Amino acid sequence: MEGKNRTSNAVDGRYSIPKEDGSTQPAVINVNEQKQDAAGELQMDHGLRAWLQVLGCWILFANTWGLSNSFGVFQAYYTTTLLPDTSPSAVAWIGSIQIFLMMLIGVCAGWLLDAGYLQFILICGTALTSLGLFMLSLCTQYWQILLAQAFCVGTGSGLLGLTSVAVIPLYFQKKRMVATGIAATGSSLAGIVYPIMERRLLVSIGFPWAVRIFAFVVTTLLLICLAIMRLRPNLKRRGALFRLKHFRDTPYVAFCIAFALMIGSVYVPFFFVDAYAIRLGVDPDTSFYVLSMMNAASLFGRLVPNWLADKFAHDLPGLIIVSMVYGFVSGGMVSLPPATIANLTEELSEYGTRMGMGYTIASIGALIGNPIGGAAQKFQGDSTADVQREFQGTWIFAGGFMLAAVTAMAISKYLKFGSVLRGKC
């Protein structure tokens, strides 16, 4: 029988077939090549399906990180109109818990994605985000908003947020950074459009229907993701969620501390700049544009100490300039950590685990940073000087946390390369 006459070479996976003269010749079938062909049914870096994933990831960025970037409008509305008796710190917990869950649950979502459950993640994430926003439209009390916006939307964002980072590398290699950069602009563009849309709707039709229309927009976009996003065939793997051995890598630990400090401070201006503008006397129908301009500047890059606002941002033109500068220099703080973790990782097979652990640690900073910034606000009076003193503690806290993050980052690089001027980190 032909099957019995085959001899195999276990080293290279080839089969040899005997010829009539007793010699052998390699069979056409190659086991390794078969596996490569199966995994390579779709070519990398081009094709409609690949660029549809970029579109889907762009939508995910817009409706996860973009929602966090535009929370300042809600912060201002809650403290001035809907919940005027609630402290800025308590209101800030809403947005902070949302970001905290987005980063924390994203680790588990990444593990599910590795196991091949993309559609399950998208369905659950879309359902929770949509449910949270629609329920928010019915809320009138603090605890209701906390459940709907912080916990429900935050959990949905957690399932969707890191998914956008993980899908693109499956379809792009040479153009990976370009594709990821295009997708990442979704958060900044949402941070431009959503505050304007939210504020205009709040003024024209009131809070309930403003939030409902916003929920319809977000839900529709996420349903598009569900329709077009797919995993690359035959690329499923399971990695560990957590490994203690990585805490023996001191450069990595120092970076995780820097990451947590950075996340704890970088969103403070995004949360409070709208309320600050209103307290300075800027018309509420204009103040929200400052937040949109800050997000617009973050399209091109995101480190100016936040307390500079206390020195220069005492009127609308100065506030716009400082906000745009901050938005420009703070853009990379959210997008660069995954690349930095990759540079600190010797074994690429450990990258997913180390990134998940890093985001888990950083989520603690996201949880506590903004409420501390809100607690630092102390009412002083209604003059411009009084308002500056009122927010001075908020800006100084954020600037101090950011300075500590820079210090920890420098320590991480020194431990890795023996110098803060050499090496790529």
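Cβ coordinates are placed from backbone N, Cα and C, and glycine is handled just like the others.
Because TrEMBL annotations are produced automatically, they should be read as predictions rather than curated entries.
TrEMBL lists 1-10 with the feature compositional bias 'Polar residues'. Look at TrEMBL and you will find 1-22 tagged as region 'Disordered'. The transmembrane segment annotation in TrEMBL covers 54-78, 90-113, 120-138, 144-171, 178-197, 209-231, 252-272, 287-304, 316-336, 356-373, 394-415.
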Among the recorded stretches 90-113, 120-138, 144-171, 356-373, 394-415, which has the greatest number of Cβ pairs closer than 8 Å to the transmembrane segment (209-231)?
120-138
Stretch of maximal Cβ-Cβ contact with the transmembrane segment (394-415) [cut-off: under 8 Å; candidates 90-113, 120-138, 252-272, 356-373]:
252-272
Cβ-Cβ under 8 Å with the transmembrane segment (90-113): same-chain residues at least 6 beyond its ends:
64-65, 67-68, 71, 74-75, 78-79, 83, 120-121, 125, 142, 145-146, 149-151, 153-155, 157-163, 166-167, 231, 238-239, 241, 263, 267, 271-272, 352, 355-357, 359-360, 362-364, 366-371, 373-374
For the transmembrane segment (144-171), what are the same-chain contacts with Cβ under 8 Å, counting residues 6+ beyond its ends?
42, 44-45, 47, 49-50, 53-54, 56-58, 60-61, 63-65, 67-68, 74, 78, 83, 93-110, 113-114, 118, 121-122, 124-133, 135-136, 138, 179-180, 183, 186, 222, 225, 229, 231-232, 235, 338, 359
Long-range environment of the transmembrane segment (252-272) - Cβ separation under 8 angstroms, sequence gap at least 6:
68-69, 71-72, 75, 88, 92, 95-96, 99, 103, 191, 246, 291, 294-295, 302, 306, 309, 323, 326, 330, 333-334, 337, 340-341, 344-345, 354, 357-358, 361-366, 368-370, 372-374, 377, 391, 394-395, 397-402, 404-409, 411-412, 415, 425
Positions whose Cβ lies under 8 angstroms from the transmembrane segment (356-373), at least six residues beyond its ends:
89-90, 92-93, 95-97, 99-104, 106-107, 110-111, 162, 241-243, 246, 252, 255-257, 259-265, 267-268, 271-272, 337, 341, 394, 397-398, 401
